[in-house]
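Reviewing the structure listed below.
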Amino acid sequence: MAAALLQSLTPLQNPTSQKRKKPYCLISQIPNLHTLSLNKGFSRVLASTQITIPPKETVFTLPNWKNGKSDPRNRDLRLNDAFLYLEYMIGKGHKPDVFQSTQLLYDLCKSNKIRKAIRVMEMMVSSGTIPDAASYTFLVNQLCKRGNVGYAMQLVDKLEEFGCPPNTVTYNSLVRGLCIHGNLQHSLQVLDRLMQKGLIPNVFTYSFLLEAAYKDRGVDEAVRLLDEIIAKGGKPNLVSYNVLLTGFCKEGRTNEAIKFFRSLPSKGFDPNVVSYNIVLRSLCYEGRWEEANELLSEMVGKTRSPSVITYNILISSLALHGRTDDALGVLEEMMRSRFKPNATSYNPIIAQFCKEGRVDLVLKCLDQMIYRHCNPNDGTYNALAVLCEEGRVQEAFSIFQSLGNKQKSSMHDFYKNVISSLCRKGNTYAAFQLLYEMTKNGFTPDSYTNSSLIRGLCMEGMLDEAKEIFTVMEENEYMPEIDNYNALILGLCKAQRTDLSLEIFESMVEKGYMPNETTYTILVEGIAHEEEMEMAAEVLRELYQRNVISRNTVERLVMQYDLD
């Protein structure tokens, strides 16, 4: 697999949609994507900013990386210059300005230069500068969000050695990161460590753990976990119990959920509106209307009064059961109670009217939405797509056309967004049906639209159909773009068919299309997702040596997948 990719490897300067007959002759034209060396970067900073080096042990300021040209390339260079200057000055024994260093750390994270951000934190600590808790926690959180929980834990240990103890929020980032990646047992060890240090877990700590427990092992295991937490001195609050209540309902155990709900006062908690909404949703979707009404009659008081979510639960469940008149009645009651309906309030009613073929009432609902300044959203488009399922494609198109005329953007942009929205929600068949009507009315699919269709087909497992789009494009003398190929390669990788993605890659190169950094990144991630870590590391090294993938991307992939 790796050999196939590297043999087909074609360095590039800029991606293009035009064919090139001899892609391999571009090697000499490739720009060097490596970051500048310390000497060059530091020299340029001195030359351009005329900085005077201060005496040792004095606080120095960094060159301004925020002003100047706003294009990404120049911004990255200025950010790198500031980092190099910080590294040089601290190496000479000078102290950094805390505010500037912290801001540099934030901006490096935002630019996906996470390894440099870690280095900034380490340099601050080694120079005797204590970072504030917010920046420390922010960095740990960024690492966990990117799946680098191991690096985050190492950072916590290292900074603790330097006298920067973590707080509960920092530990919560670790717990959440581990829970998201399915490592519940390790999360519990982190919890024990937190409590041993005298830190008090908060509502978020318990919520992450209990949610992970019921998703991973079932709600009964989550209940046992809560009992263990209490036995160890933990003090969960109502939010923790609401998580368990959600677990019972999601497993379809509504009667047990009600029993658990009724036991909350004996545990020292009065149910709030969130607790009521959780149980109400299950009762309504099971059509247990009498019990739902009894529950609603109890919802009086500051913490349990009905909310917008309560009304939306009633509306969506009534519409789902075909009781659209009752759903409209709840909508009117909602407005009388001075709640403002949103698109989520209208979409279930519109979907049911579409299913019943009552187009006149669909139009009435849409007019009412727009009159009340309630903008249609992705859910609205997908509700209208139900008309396509009922064989009323032309009527659906007419409604979309009417909606598009009322939007401030161009019709082309509106159509493009509709197709993209339908594909994101797995409504790709309806998207193709509407696309046919749109093209008859002058709409020409652009690269973005074609990529949306390709992604949608891949997401629904229709890989051959996704590949067929390229044949259709070429038959209509419309040349595919690199983004279209990237969409297909990504879809194949997500379907764990990296072997097919490499075939597409080779075919693309043979046809003269120039892969870009995104193409190579997708392929490396695809190999890593198939747990071929050695192969992924080998390919990544080769790509970097050939200067077709930047150092920042290499650092991100190495950290994210723990590649050697």
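Along the chain as shown, the residues are counted starting at 1.
Placed from the backbone N, Cα and C atoms, the Cβ positions cover glycine too.
Any TrEMBL annotation is an automated prediction that lacks curation.
The repeat 'PPR' annotation in TrEMBL covers 97-131 (among others). Among residues of the same chain six or more beyond the repeat 'PPR' (97-131), those with a C-beta under 8 A of the stretch's C-beta atoms are 59-62, 65-66, 75-76, 79, 82-83, 86-87, 90, 138-139, 142-143, 146, 148, 151, 155, 158-159, 162-164, 552, 555-556, 559.
Broken down by DSSP into helix, strand and coil, the repeat 'PPR' (132-166) contains 26 helix, 0 strand, 9 coil. Annotation comment: TrEMBL describes 132-166 (among others) as repeat 'PPR'.
If you look up TrEMBL, you'll see 167-201 (among others) marked as repeat 'PPR'. Averaged across the repeat 'PPR' (167-201), pLDDT in this predicted model comes to 90.
Feature annotation from TrEMBL assigns repeat 'PPR' to 202-236 (among others). The DSSP breakdown of the repeat 'PPR' (202-236) into helical (H, G, I), extended (E, B) and coil residues amounts to 28 helix, 0 strand, 7 coil.
A Cβ distance under 8 Å defines the sequence-distant neighbours of the repeat 'PPR' (237-271), meaning residues of its chain 6+ beyond its ends; these are 203, 206-207, 210-211, 214, 218-219, 222-223, 226, 278-279, 281-283, 286, 288, 291, 303-304. Marked as repeat 'PPR' by TrEMBL: 237-271 (among others).
The repeat 'PPR' annotation in TrEMBL covers 272-306 (among others).
TrEMBL lists 307-341 (among others) with the feature repeat 'PPR'.
Here the repeat 'PPR' (342-376) has long-range neighbours at 308, 311-312, 315-316, 319-320, 322, 324, 327-328, 331, 334, 382-384, 386-387, 389-390, 392, 395-396, 399, 402-403, 406, meaning same-chain residues at least 6 beyond its ends whose C-beta is under 8 angstroms from one of its own. Among the features that TrEMBL reports, repeat 'PPR' is placed at 342-376 (among others).
If one looks beyond the repeat 'PPR' (411-445) by at least 6 residues along the same chain, the residues whose Cβ comes under 8 Å of a Cβ in the stretch are 378, 381-382, 385, 388-389, 393-394, 396-397, 400-401, 403-405, 452-453, 455-457, 459-460, 462. Annotation source TrEMBL lists repeat 'PPR' at 411-445 (among others).
Among residues of the same chain six or more beyond the repeat 'PPR' (446-480), those with a C-beta under 8 A of the stretch's C-beta atoms are 17-19, 415-416, 419-420, 422-424, 426-428, 431-432, 435, 486-488, 490-492, 494-495, 497, 500, 504, 513. Annotation source TrEMBL lists repeat 'PPR' at 446-480 (among others).
The feature repeat 'PPR' is assigned by TrEMBL to 481-515 (among others).
For 516-550 (among others), the entry in TrEMBL reads repeat 'PPR'. Secondary structure by DSSP for the repeat 'PPR' (516-550): 26 helix, 0 strand, 9 coil.
With DSSP classes pooled into helix, strand and coil, the tally for the repeat 'PPR' (237-271) is 26 helix, 0 strand, 9 coil.
Per DSSP, the secondary structure of the repeat 'PPR' (446-480) breaks down as 26 helix, 0 strand, 9 coil. Helix first, then strand, then coil: DSSP counts for the repeat 'PPR' (167-201) stand at 26 helix, 0 strand, 9 coil. Shown for the repeat 'PPR' (307-341): DSSP residue counts in helix, strand and coil, namely 26 helix, 0 strand, 9 coil.
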